[in-house]
Amino acid sequence: MTRPSALSVTLLLLLLTSVLQVQALVMHPEEHPEDGLPDIPTANQTFAVNQPGMITILPSQVQYSFEESTSALQIFNNEVFMNWQTPQTPSLSFGNSHEQVWVRLRFFNPQPTRQTWLLEVRWNNLYRVDFYQAFRANSESSYSHQVTDVAHYQAGVSVPPEQLFMNNSTILFPVVIDAQSHGDVLLQVQSSHLLFAPLYLWPEEDFNRYQLSNLAFYVLALGMIMALFFYNVAVTLFTRDRSYFFYCCYMASVLLYLLAVTGIGHYMIWGGHDWWSRHAYDIGINACFLFATLFVRYFLDLRQHSHFWLNTNDLFVMVWSLNLLLLLVGFDFSARIVDLLALVSLLASLVMTATLIRRRIIAATYFMVAWITLIVTTFISLISLKGYLPYTTLTQYSVIVGFVTESILLAVALAARINEDRTKRDSALEQAYQLQIEIGEKREAALNAQARMLEIEQTAKRELELKVSERTRELQQLTRSLEQANRELANLSVTDALTGVANRRYFDLHMERELQRARRNNNRLALVLVDIDHFKQVNDTWGHPVGDICLRWIANQLSRLCQRSSDCIARYGGEEFALIFPDANLQSIHEHVDRLRADISGTPLQHEGLEIRMSISAGIAISPLRQTVSVDVITCQADTALYTAKNSGRNQVVMFRMDEDLGNLA
């Protein structure tokens, strides 16, 4: 068994640490500005808004500063030193080493009329974004005039929906610029983990068209995830398979993550709940990896295939559980290391799956196909969020497409694994059947050999063999006669000699068997106990022979209720009978028994000129659907209902109702 060495795992972790350190240096170099560095945007950082449709604001067209300042007015008037810098990355990402950043933009409106645009910050999980637009005494000049007015708007997950400029699934601010004038904008972006702020400028009509198609894509993706979730929940309820259970948990986590990352959740579901708004994104990521790790554990059956990877899986389950717990109790540090944990988890799962594929484990091949899709799309999204790739439609939708594709492929992999298990089971049954045939053939060959030996002996001792054969035939005939007698005796042992119906012994066996079947099939079973009213007076008045005739007559009448082969009538006691009705319809049983009771009380028995009127009392008990009861319990309930009928005046049918709370007599 090949196991990854501790050295290789250590080198992998060191490599990841180095990558993150290089990333920090590339993203945020320690710049020391020279004296006299101009604090005014350069020409390429002031751009004219003169084209229709969406305008992507490039990082080279903005300036940023990590200096702390609480007054946008002072910044606009250059009253504080801000150390403005120009981003050197393809997308406007500032990593997670700072909690806030100032971003400065300058627009120019070349149109002869006043224009209004929408400034979109296309990252929905920022804690707070403050928008400031300056209005100067002379907007045509650069920064030589003092700011006379500042427009201020707020957005982000910490801002209630009613305080937003426009409640939407993305962050929007209005940019208003007079004709042939400049517009100065400041953004103060705050986040507890990732400072990422891709910027776009829209005419409102164009944005509405884009947002309509964007929401349609989100709804389609989320709908597919929800459909897979509910389908696999149903499969989980039927199969009780832990792989399906954790797959459903993973689907729910993916749904939460996508609702958070797309902004749909904050826009439509939890926008008014501050705690959920701030933590849904991080909870979604942690839950995704936690349940994905548990799903891998059972889907790949690590307990059977690899103790090393089982222990590694246990470690990742502990790490993700602890990280999620720390996040829930308010430690924001856990959100800062989630990228590293995610990268290590993805790479570890990749190595693990490749190792299992080398051992020819088919489930690992299915998992690799699905997991590679998510790894590629997640890597694209991650390096885009870190600023190594431009944040385009492709990178924006990549993780959504990856999750949807991976979810579908994992569902197919689960189905394929179950089909594989079924094939193995069928193959094992076929092998067992073939083995049984071979054993039968060998037994037959042995018997044939024995027959040949007997034939040789018969040739030598023909006369003795003839006698033995004759004796054997007689013995076989006697055996058949004995078997027939045993069958008749067995039949008599479960039949009441007087009435011809089943006796108490058969009732006990049949009742236990049918009650177990009802529990397996989740059906109801009805037990009816019938007692002949005042039967002692019949014996005392006309004698026991007439009483026996009455018992047989009552038994024949009750037998009319047993229309199905599974129904059963038995003599329970002296003048008591028991009827068993599997898969019973409550209303139908009560109506049939009550109708028969009325027929018996209204139809006297005619015997040798005698007219004997009798009546019966009956108690009905029904087994519950979702509870386990014994034969003694349901018999006691039917007996209770019977005695209620007798104590209430006889000649009536009483049903003992037992639903979820073991109802009362009715």
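Every residue, even glycine, has its Cβ placed from backbone N, Cα and C.
Annotated in TrEMBL:
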COILED    461-495  coiled coil
DOMAIN    523-658  domain 'GGDEF'
SIGNAL    1-24  signal peptide
TRANSMEM  215-237  transmembrane segment
TRANSMEM  244-269  transmembrane segment
TRANSMEM  281-300  transmembrane segment
TRANSMEM  312-331  transmembrane segment
TRANSMEM  337-357  transmembrane segment
TRANSMEM  364-385  transmembrane segment
TRANSMEM  397-416  transmembrane segment
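Residues 91, 93, 194, 196, 296, 299-300, 339, 342-343, 346, 349-350, 353-354, 356-357, 391-392, 394-396, 398-399, 401-403, 405-406, 409-410, 412-413, 416-417 of the same chain, all 6+ positions outside the transmembrane segment (364-385), place their C-beta atoms under 8 angstroms from a C-beta of that stretch.
Contact counts against the transmembrane segment (397-416), taken as Cβ pairs under 8 Å, peak for 215-237 among the stretches 215-237, 281-300, 337-357. Within its own chain, the transmembrane segment (215-237) has Cβ neighbours under 8 Å at 169, 244-245, 247-248, 251-252, 254-255, 258-259, 262, 264, 397, 400-401, 403-404, 407-408, 411, 414, counting only residues six or more beyond its boundaries. The average pLDDT computed for the domain 'GGDEF' (523-658) is 89.
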